[in-house]
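A.B. asks: Below you will find the structure I want to go over with you.
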DNA sequence: TGTGGCTGCCC
DNA sequence: ATTCTGC
DNA sequence: GCAGAATGGGCAGCCACA
């Protein structure tokens, strides 16, 4: 298909060849083309005649021994093309393979000399744990409910340090106290520490967000919602706003102190409340909780409702602290030397983390821990068909060179990275469950997978199996992968036969097998699991396919495979070591992802005008946290809002950008700004002055944004998928930013735009 | 009964 | 999702 | 390198309200 080839070449053009002369049609300065053009001069700016600076001129060869790369100068480029002028940057390879970080080679050290693999600080910390008086540290009486204030104080302490060992210690001591004084409250305390109310596959949700919290806060304090929003701008945290409102308020009588298990129970009640007037009921519970909150309790009640404690200790730290608390209070172990203790703690961490990833349910783990301790835990909580396991995830990689560096001297294999929804499928006794990446139960969303696709694909001898793969929207007639947005449009519950006729069909691309005929394969190698996958299942045209894979460590071959993956409408590659096990809690370096837009100098970037910003929250308090961007419509001479952006900034850049943009603050949006009223209204508007280069994975059709409005599809604009800040284009004027026309062209040239790019296919030449 | 805001969950 | 940062 | 915390678009489903 000519269009696709063109697109690919377009994306991966490496050497020479000016991009500017390519277009006969409306094409002018196309930043995409410019971005993927190495060296050659950019197109001429229409407005002011200035010659566009070649992008990535900051590119500098990195010294082969240098690991530290300055963001602005050190980024390396990946050069790829279809025609085989693909060259790997050999100058980097030799040095960098040698300068691997020591950690990646570090052995686990189970049988090594004492204390090997356990840091000195851990040993010192272990010593302190011996002298900790769990019972004596309690602020409440034996057997009585844990006061919520004890949690709040713990969270305060966690906020007070950024040291991770310190955080673990603080949480461990709190949990030890709970275990020894009021063990039945351990479960609610742990849940309140991770802001959950149940395992995610249980599917119960609070249904509460910032808006509702603010309404409740407003009703309980008498302040208007707008006043609270103003407070937010200053404080950058809704929990802090709640606290200062509370403490400013004079209470007539002392409310009963909050108790952890009660707060937890009320959260559950909120989650179970639904139907008419449910919001009113939920709000009244929140108001009640806030009224009973003292000091920082209000902060954490609110943050828990928001789902983020923001104390620098989240799930992993909680699990680690839980394991240690149980270890100290429940397990018998050798406490003679501090080194042995540290090793034991390390071992306990590993066990509980492993079990938690195989059985991610505090409901199951905590009773088992309390009953029989850490070392017995794997006996009681193990991988079970019907309960989702944490999926293996992959890390971003900036190019083939990095893959080769990370996987030096290990065998690896590649698979297409499909753009769909991760799906872990459990099959046993004729029953099927489908779990999402985050362990949500997606079974009702894909009835045809359960009723047709899987039954047809399972081989006769398969009694039970757990598969890992990706559900992708698929056109069975054209045998073509459809865009992610088509998958999103599917119904999620109460799917009728009528719905099924209308919405996109799907194909399951299987790439792993975690369990087969009563045997767990989590500790088997990838090759063994692939074998089991093929033993358990057979492909079904357009319904069930094995992920396309290739095993090679040849640079050229890898690049060709990557290019093929884009032609096949996938996102790129996942690279996996061949002998790695499926243990998400262990080494996560085993899977890498390789996408065109991670590669410097490859993929789409746009030059966009900053027209507004919002005040930052949390660690972005005091600076702008995110920004509103626009393209330039040079026909109508207006700026059309295309997207927000909030990632890619270093801390210093945020500070600088805050300073610079504040100079351009204006009271109201310009008449020549096009945005959806009521939507996308920033805290602050700016004069169109500043231009940023923004990297993007994809362009999407948007009902919310105005850029290139109606040009690709009636009633829709074009927006961006995964936008991130690259750098400020001080050399660019706003009228030389990406235009609506260019945006449309970029949209149409996407492989996933499906054929529309054809009209320009022949325009492209060197 | 229709619409729009809010929420959670996909990426 | 992507990205940055302190440990 | 891990773990945590900032932040993106966009969809369906639920609920309030006109």
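From the backbone N, Cα and C atoms, a Cβ is placed for every residue, glycine too.
From a predicted model like this one, the values you see are computed outputs, not experimental measurements.
Pulled these from TrEMBL:
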COMPBIAS  A:13-22  compositional bias 'Gly residues'
COMPBIAS  A:68-79  compositional bias 'Basic and acidic residues'
COMPBIAS  A:723-733  compositional bias 'Basic and acidic residues'
COMPBIAS  A:734-743  compositional bias 'Polar residues'
DOMAIN    A:499-633  domain 'ATP-dependent DNA ligase family profile'
REGION    A:1-114  region 'Disordered'
REGION    A:723-766  region 'Disordered'
A.B. asks: Could you please provide the mean pLDDT value for the domain 'ATP-dependent DNA ligase family profile' (A:499-633)?
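C.D. replies: That region's mean pLDDT is 96.
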A.B. asks: Within the compositional bias 'Basic and acidic residues' (A:723-733), how many residues are helix, strand or coil going by DSSP?
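C.D. replies: Taking the compositional bias 'Basic and acidic residues' (A:723-733) as a whole: 0 helix, 5 strand, 6 coil.
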A.B. asks: Could you break down the residues of the compositional bias 'Polar residues' (A:734-743) into DSSP helix, strand and coil, giving a count for each?
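C.D. replies: The breakdown for the compositional bias 'Polar residues' (A:734-743) reads 7 helix, 1 strand, 2 coil.
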A.B. asks: With DSSP, how much of the domain 'ATP-dependent DNA ligase family profile' (A:499-633) is helix, how much strand and how much coil, in residues?
C.D. replies: 34 helix, 54 strand, 47 coil
